[in-house]
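Engineer: The following block contains the structure, expressed as structure tokens.
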Amino acid sequence: MARQATRLISNLSTKLNPSSPTMSASPLWHQYRYFGSPPPPPAVFVDKNTRVICQGITGKNGTFHTEQAIEYGTKMVGGVTPKKGGTEHLGLPVFNTVAEAKVETKANASVVYVPPPFAAAAIMEAMEAELDLVVCITEGIPQHDMVRVKAALKKQLRTRLIGPNCPGIIKPGECKIGIMPGYIHKPGRIGIVSRSGTLTYEAVFQTTAVGLGQSTCVGIGGDPFNGTNFVDCLERFIADPQTEGIVLIGEIGGTAEEDAAALIKESGTQKPVVAFIAGLTAPPGRRMGHAGAIVSGGKGTAQDKIKALKEAGVTVCESPAKIGVTMLDVFKQRGLA
């Protein structure tokens, strides 16, 4: 079955190539049209107008988290499970393909709860259907599959992928796509972006406790090949008028935090940024939790990341327990609280 999934990914990669005959002839790229004026695009990827389908809706995880999303108030409009099209689940229509679901429900986002061997193919299917946003929660997707997905993402401009191996994205009070506990979030002023799911929840709880709340929270995931990075989110947070402060939670491995520091410095933003970097005592060459959390070749150390962030004017916390109070202190120092 894994080989079948690999072949499907390869076929979809060909279809996603804009120069291929399949792409130019496919009706999927022209069938979704707005009648009347469409709502304005969300400031940070999602808002109350986001219409979401669930890929893998009839599975255990898909069922549970779709129920949670509906209860939170997310506009869940349908689901996709091959060979179960035409049925209903949780009161929502189920379709065989993402393309069918998009036509019938006018969905513009998808959340993927599909087992690792088939998750990349599910992402590619959503890309072929030209959804605006795909959020992949699945952990353990083979890296060679994600390399193909990453290459396909670079060949198109319509679809944004958040994840994989991430908690998802939430705009408190409006839209929850993912596995995060909704009740700890509160509409507010802080944009949160993180490579760690549990540390995201910690930052959310603390910013809620000090009365600042959150504008949008994005878990970008800890895998080496993900769809959305710190820079993508920071650009949105800097431009978003609702976001008055930013929390960035990074970890060892890669150069994503250094890239974020460069953007913050170049942007000249006056919005306060507070960061925490996990893995300060991690030994080189040993993976720490996430697949991407590894110091190799002398690069990706916590010390390097902390130095780069401080040089960009970011306030760096030594403990994750101090994220909320640190942000509140910075707000008070700048007369924002």
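Every residue gets a Cβ built from N, Cα and C, even glycine.
Per Swiss-Prot, the features are:
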type     : residues                                                  : note
ACT_SITE : His290                                                    : active site, tele-phosphohistidine intermediate
BINDING  : Thr58, Gly59, Lys60, Asn61, Lys84, Ile137, Thr138, Glu139 : CoA binding site
BINDING  : Tyr201                                                    : substrate binding site
TRANSIT  : 1-35                                                      : transit peptide
Engineer: Quick one: give me the count of other CB atoms within 10 A of the CB of Thr138 (CoA binding site).
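Structural biologist: There are 24 of them.
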Engineer: Hey, how far is Tyr201 (substrate binding site) from Lys84 (CoA binding site), Cα to Cα, in Å?
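Structural biologist: Cα-Cα, rounded: 35 Å.
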Engineer: Please give the maximum pairwise Cα distance, in Å and rounded to a whole number, for the CoA-binding set Thr58, Gly59, Lys60, Asn61, Lys84, Ile137, Thr138, Glu139.
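Structural biologist: Those residues reach a largest Cα separation of 24 Å.
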Engineer: Of all the binding-site residues given, Lys60, Lys84, which residue's CB has the most CB neighbours within 10 A?
Structural biologist: Lys84
Engineer: Based on DSSP, name the secondary structure state of Lys60 (CoA binding site): helix, strand or coil.
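Structural biologist: For Lys60 (CoA binding site) - judged by DSSP and reduced to three states - the answer is helix.
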Engineer: DSSP secondary structure for Ile137 (CoA binding site), reduced to helix/strand/coil, please.
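Structural biologist: Note: Ile137 (CoA binding site) is coil by DSSP, not helix or strand.
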Engineer: Let's check the environment of Asn61 (CoA binding site): how many other CB atoms sit within 10 Å of its CB?
Structural biologist: 16
Engineer: Inside 10 Å of the Cβ of Glu139 (CoA binding site), count up the other Cβ atoms and send me the figure.
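Structural biologist: That number is 17.
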Engineer: Ten-angstrom check, please: count other Cβ atoms within 10 Å of the Cβ of the residue listed as 'substrate binding site', all chains counted.
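Structural biologist: Its Cβ has 19 other Cβ atoms within 10 Å.
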Engineer: Would you count the other CB atoms within 10 A of the CB of Ile137 (CoA binding site), including those on all shown protein chains?
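Structural biologist: I count 26 other Cβ atoms within 10 Å of it.
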